[in-house]
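Mind having a look at this structure? Questions to follow.
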């Protein structure tokens, strides 16, 4: 299934996402490339990608360049390896397609499931509960998708939230695998569907951002923020954690894997709180200033001149830099998206 997911990703990018991006006027142009310089290139590849003040002064004397010019060269050199806006649009397109499809598949499946309306049904007759084919495919597709995200994280841009996303993917894969092995698939489907509810809205906002539909992007992001906070700070703790911590204890007692299972679920809740804080902080900045000069979960590097960020940033929750190097791996951006 992991191979099938990867094939789907490649074909969707090639035959669907790329033509859509081209029709929207998104160009396959990358960041400004650094001026060729053998000395600076050797320092960049062999010593450091972000030289300190002492090294900058030494390079300035050696090359007879201004320190600011050398800083600009290293910034351009770091940025030139980043993917183009077209590449990022294609990535968001396939993620949107998957999240949208799997969420509505889950809703359609759970709508007729008794445990969707009464969470105590998750524990009746446990562990002797039937595993239907629809439930099996739902689980396997989700597991394959998160494994693909785990692998791709190491080949993508290094982001500030790398560690948080790594822990998130580990906890998610661990939960899916662990719940499947212990036949806790009923409550597992609730967790999966709840997490998919906001993800496709985020990808929709990213697509609008890359296509430079600013108002649509802002609207999708605000909707995403509301759904994210309601589902992961409201429904998740008071619906999911309530049944796994208290109803399960009441109906089947403290089974051997109870502590590990709930430990993973609580870990996810801690991550939800961190992300919600970042979303709220960025939204607050947008409301106060009318713009966001820096994303709390942005790429490590700014794709535009750091000294020109304030003067060149545009209004709105998301602003697109002139070279189109925006990216959001997680939640919000102002001049920069970083890739959930």
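Backbone N, Cα and C define each Cβ position, glycine as well.
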Quick test of your reading of TrEMBL: among 75-95, 96-116, 285-305, where does it put transmembrane segment?
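It is 96-116 that TrEMBL annotates as transmembrane segment.
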Looking at the candidate ranges 162-181, 182-201, report the one that TrEMBL labels transmembrane segment.
162-181
Which range, 136-155, 316-335, does TrEMBL list as transmembrane segment?
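Transmembrane segment, as annotated by TrEMBL, spans 136-155.
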Restricting to the same chain and to residues at least six past its boundaries, which positions have a Cβ under 8 Å from a Cβ of the transmembrane segment (162-181)?
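Non-local partners: 139, 142-143, 146-147, 149-150, 153, 187-188, 191-192, 195, 257, 260-261, 264-265, 267-268, 271, 274-275, 329-330, 340.
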